[in-house]
Amino acid sequence: MGCFRQTRDDEDDKLRKEANKKIEKQLAKDKLLYRGTHRLLLLGAGESGKSTIVKQMRILHVNGFSPEERKQKIEDIKRNVRDAILTITGAMSTLNPPVQLEHPQNKAKVDYIQDKASQAEFDYPPIFYEYTEILWKDKGVQAAFERSNEYQLIDCAQYFLDRVHIIRQAEYTPSEQDILRCRVLTSGIFETKFSVDKVNFHMFDVGGQRDERRKWIQCFNDVTAIIFVTACSGYNMVLREDATQNRLKESLDLFKSIWNNRWLRTISVILFLNKQDLLAEKVKAGKSKIEDYFPEYARYQVPPDASSEPGEDTEVVRAKYFIRDEFLRISTASGDGRHYCYPHFTCAVDTENIRRVFDDCRDIIQRMHLRQYELL
């Protein structure tokens, strides 16, 4: 009887050892996989373009968006159209000085938009699209749109209002560009996984509004690199959540707090100077001068390392390098050689631009990863 129990105990012990071996083998495998994964944390103020960067990674490296996902985006795109026309027509009377409609008979259409389209349960009847198209062509509405830095308007307003005739169609399917442009508030933390040339990346997108930033600390552990995204076109705009704070100044303050954060002193930052297309439009229009918001711009000279695209406006080049240097001033002032800032000019809705920029960044990220695990 005792011998039988002993044999059984030996078998149980053997099974436990085999199970432990399997667990240890899996843990070692998981550890290698974990150490072989580049963790990228996307940070930046609200509406800087972080979520659009994530969408581009899906387009470039995760087979894009399925037909079902495209269908699911229709409601968000319709909401963008509604928010855009509601906001612009609503601002006409509150702007100082106010803006008048070109055609007074359109007042009834504005009243319809403000009364009906503002309701929570709005079903987008054909008359809504008809009125929206007519109002968008009204020069008074266009004049109010041109002053959109004086109120809060989503960046994609013009893009979608120009395409109402497409969006209203029953068989409408959003294009990749439509999905990239679509604005949805990010709340919480979203992880996107993808591989490039057999290298694994995990990208974490965290909401950028002030009340979302307390969640960032949850993502700081084992981060390979931070991608900080700033909207360069925000130089003449104020925050949605604080009408007293300039958007670009908020972004600079946020960058400074991240750069000097004691938990992040060894993590380098890839700086995406985003919305270069919108910055160029504003600078060339000449209506909102950077020096009116940043007086030091009046004395700024383009640095020797500046390069420009063929045919690029010289004032646009000056503007984008001024903004770059404002960020680099922060990183060099408190740099201790333990982490670095790598700036890139980006347009998040331009897939080819993001492809080129991310390809340029991959070598930097790889070096950061090797340094992180003391392999370099």
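From the backbone N, Cα and C atoms, a Cβ is placed for every residue, glycine too.
Record features, source Swiss-Prot:
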BINDING   44-51, 180-186, 205-209, 274-277, Ala348  GTP binding site
BINDING   Ser51, Thr186  Mg(2+) binding site
LIPID     Gly2  N-palmitoyl glycine
LIPID     Cys3  S-palmitoyl cysteine
REGION    39-52  region 'G1 motif'
REGION    270-277  region 'G4 motif'
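Feature annotations (Swiss-Prot) mapped to structure.
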residue : record              : DSSP (3 states)
Gly44   : GTP binding site    : coil
Ser51   : Mg(2+) binding site : helix
Leu180  : GTP binding site    : helix
Thr186  : Mg(2+) binding site : coil
Val206  : GTP binding site    : strand
Asn274  : GTP binding site    : strand
Ala348  : GTP binding site    : coil
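Listed by sequence, the residues of this chain that lie at least six past the ends of the region 'G4 motif' (270-277) yet keep a Cβ under 8 A from its Cβ atoms are 44, 48-49, 53, 155, 225-234, 255, 320, 323-324, 327, 341-350, 357, 361, 364-365. Looking at Ser51, Asn274, the binding-site residues in this record, the fewest other C-beta atoms within 10 angstroms of the C-beta turn up around Ser51.
Among the binding-site residues Leu180, Val184, Val206, Ala348, the residue whose Cβ has the fewest other Cβ atoms within 10 Å is Val184. Of the recorded residues, Val206 (GTP binding site) and Ser51 (Mg(2+) binding site) place their C-alpha atoms 9 Å from one another. Considering other CB atoms within 10 Å as the measure, the emptiest surroundings among the binding-site residues Ser48, Thr186 are those of Thr186.
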